[in-house]
Amino acid sequence: MVWEKEKIVGSCIVGGAAFAVGASFLHLFLKGELPLGLGLGLSCPWRILRKRKPVRVYMDGCFDMMHYGHCNALRQARALGDQLVVGVVSDEEIIANKGPPVTPLHERMTMVKAVKWVDEVISDAPYAITEDFMKKLFDEYQIDYIIHGDDPCVLPDGTDAYALAKKAGRYKQIKRTEGVSSTDIVGRMLLCVRERSISDTHSRSSLQRQFSHGHSSPKFEDGASSAGTRVSHFLPTSRRIVQFSNGKGPGPDARIIYIDGAFDLFHAGHVEILRRARELGDFLLVGIHNDQTVSAKRGAHRPIMNLHERSLSVLACRYVDEVIIGAPWEVSRDTITTFDISLVVHGTVAESDDFRKEEDNPYSVPISMGIFQVLDSPLDITTSTIIRRIVANHEAYQKRNAKKEASEKKYYEQKSFVSGD
């Protein structure tokens, strides 16, 4: 008699030896209909193998100006369980506890949902874990552990936002990603709009144009603050890139879609155009221009984030399969052949209209080959949009950053090693 290979559902111990059994065997045994000889001496306790309940972990945050540090935190949190549920704090809660957010809730939701390690998202999460909300997490969302980084999260009254979770024994800690924070990124932009640099010759609209299009930056008066520096403190490692990568290439007959750009201050507009691009094929390859190219095309103040920072932000997006770190400005025939590109795409919303030019068009080769397509951008957001928000409300952000810079300085002075990656 031939027994077909099937899913193992139980185990039995006979004569000191353990046997795994399938559904058909178990069914026949329970009915007493096993073939002659197979049932002899099989009087044993059955242990039905039940599917293990997945470990569900919860992490919340503002996720304002979402960057690769946020993504790395979510990656680490996901590694502590089987399913990651993320709470995104409401605009009202952020204003009450930290000051005005740069990106509204719907944009922050788009960003968090696009992170490849996120399984579920809760909108309008509270800034602090209350008794009621913690009970809701445990009962309704079946959360096993609440996760946060090793940097302190303190409420306006000085108390720990995660005190209740710690007291309940359901709290786990991850390592904060070094070298980046939303405060740091906003600070890089505020470098050009410090109060002392605003004069009759540097109106708000003038500053917006300078920052967005790369004119000479206003000079600081002696003693002016330069805390918000464009210099990144991020130290890239090959291990981090591997952690963010999918680790697999396209199949032999895959339709490969290519899209390129700076992807500076990675935002919801980027996410949505990448989603649209990915829908056109089997594998999405993203070319990320190097810092020199971005500066030459966008102006001296760009990019805000360096090449490695921008690459990690793009790699964390669930719609992206692979990136070219330091892609050429012009899409050449060699690039198309090397990566077996089927279609080159570009969104209608962009920092420049070079893709519409007849001369010096970086996409002239794919256009001539008939493999270039312009996609309607779902959102009218660019990096300049984010910068304009900062400039328009720079006084509020300077005040917010002053508080955060002080707390971050204290964190770095008092921090200790936390295991993890």
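Think of each number as a place in line: the chain as shown, counted from 1.
Cβ coordinates are placed from backbone N, Cα and C, and glycine is handled just like the others.
It should be emphasised that the depicted structure is a prediction, and the values quoted were computed from it without experimental measurement.
The annotation transmembrane segment is assigned in Swiss-Prot to 8-28 on the grounds of sequence analysis.
Annotation comment: Swiss-Prot describes 203-227 (among others) as region 'Disordered'.
Look at Swiss-Prot and you will find 204-215 tagged as compositional bias 'Polar residues'.
In the three-state DSSP scheme, Ala262 (CTP binding site) falls into the coil class. Summarising the environment of Ala262 (CTP binding site), the number of other Cβ atoms within 10 Å of its Cβ, over all protein chains shown, is 25. Among the features that Swiss-Prot reports, CTP binding site is placed at 262-263, 270-273, Arg298, 346-349, 377-381.
Residues annotated as region 'Disordered' in Swiss-Prot: 402-421 (among others).
The compositional bias 'Basic and acidic residues' annotation in Swiss-Prot covers 403-413.
Positions annotated as phosphoserine by Swiss-Prot: Ser416.
In sequence order, Gly261, Phe263, Val314, Cys317 make up the list of same-chain residues 6 or more apart from His270 (CTP binding site) whose Cβ falls under 8 Å from its Cβ. Most Cβ neighbours within 10 Å, among the binding-site residues Gly347, Pro378: Gly347 holds that distinction in the structure as shown. Annotation note: Arg298 (CTP binding site) sits in a helical segment as assigned by DSSP.
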